[in-house]
Each structure stands twice: as structure tokens, then as C-alpha cells.
Amino acid sequence: ACQASQLAVCASAILSGAKPSGECCGNLRAQQPCFCQYAKDPTYGQYIRSPHARDTLQSCGLAVPHC
């Protein structure tokens with residue numbers, strides 16, 4: 001199930017470009033199928049589409065989704 005709240009541990013990485021934690025990467029991996037849904041969400045979309053979000057995904061070894 002998609003739970004955007006699980007991405008809260010990634011907030012500092014997504015907002016400031018800080019190195020993501022292991023917990024952040026694990027949660028991103030689990031939520032990966034939901035990224036496009038989040039990108040379209042008015043609340044979360046601006047964060048998911050930000051350059052730092054891309055960097056965070058790449059730091060975790062995850063592909064940046066093409067929605």
C-alpha cells in the first residue's frame with residue numbers, strides 16, 4: 001500500500017540534498033511503485049519532482065521514475 005508518511009524519514013535528504021539514511025533508502029525501495037502516484041499528488045508532488053529527490057533516489061541506487 002502507498003503510504004507517503006513512510007517518506008518522512010527522507011525529508012532532510014529531499015529538502016536539503018543531505019545524504020539519505022539507510023532507513024530512508026529502505027522506505028524508498030518499498031514505496032517505489034507509488035512514486036508516480038505521489039508525483040501527481042498536490043501535497044507531495046513538488047517534493048517528489050524536486051532535483052534533490054532525484055539525487056536521493058540515485059544515492060539509494062534507485063531509478064528515477066518516468067511518469
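Using N, Cα and C of the backbone, Cβ positions are placed for all residues, glycine too.
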Fill in the blank from the handout: Among CYS24, CYS25, CYS34, Swiss-Prot lists the disulphide partner of CYS60 as CYS25
Exercise for the section: Regarding the disulphide bond with CYS24, report which of CYS10, CYS34, CYS36 Swiss-Prot records as its partner. Expected result: CYS10
Problem - Candidates CYS34, CYS36 - disulfide partner of CYS67 as recorded in Swiss-Prot - result: CYS36
Fill in the blank from the handout: Sequence-ordered list of residues in the chain of CYS34 (disulfide bond) that lie 6 or more positions away and have a Cβ within less than 8 Å of its Cβ, or none, is CYS2, ALA4
Fill in the blank from the handout: Spacing of the two Cα atoms, CYS67 (disulfide bond) and CYS60 (disulfide bond), in whole angstrom, works out to 19
Handout entry: Local backbone state of CYS67 (disulfide bond), from DSSP in three classes
Key = coil
Practice task
Only counting partners 6 or more residues apart, tell me which same-chain residues put their Cβ under 8 Å from the Cβ of CYS10 (disulfide bond).
Solution key: PRO20, SER21, CYS24, ASN27, LEU28, THR56
Handout entry: Cα distance (Å, whole number) from CYS25 (disulfide bond) to CYS36 (disulfide bond)
Key = 17
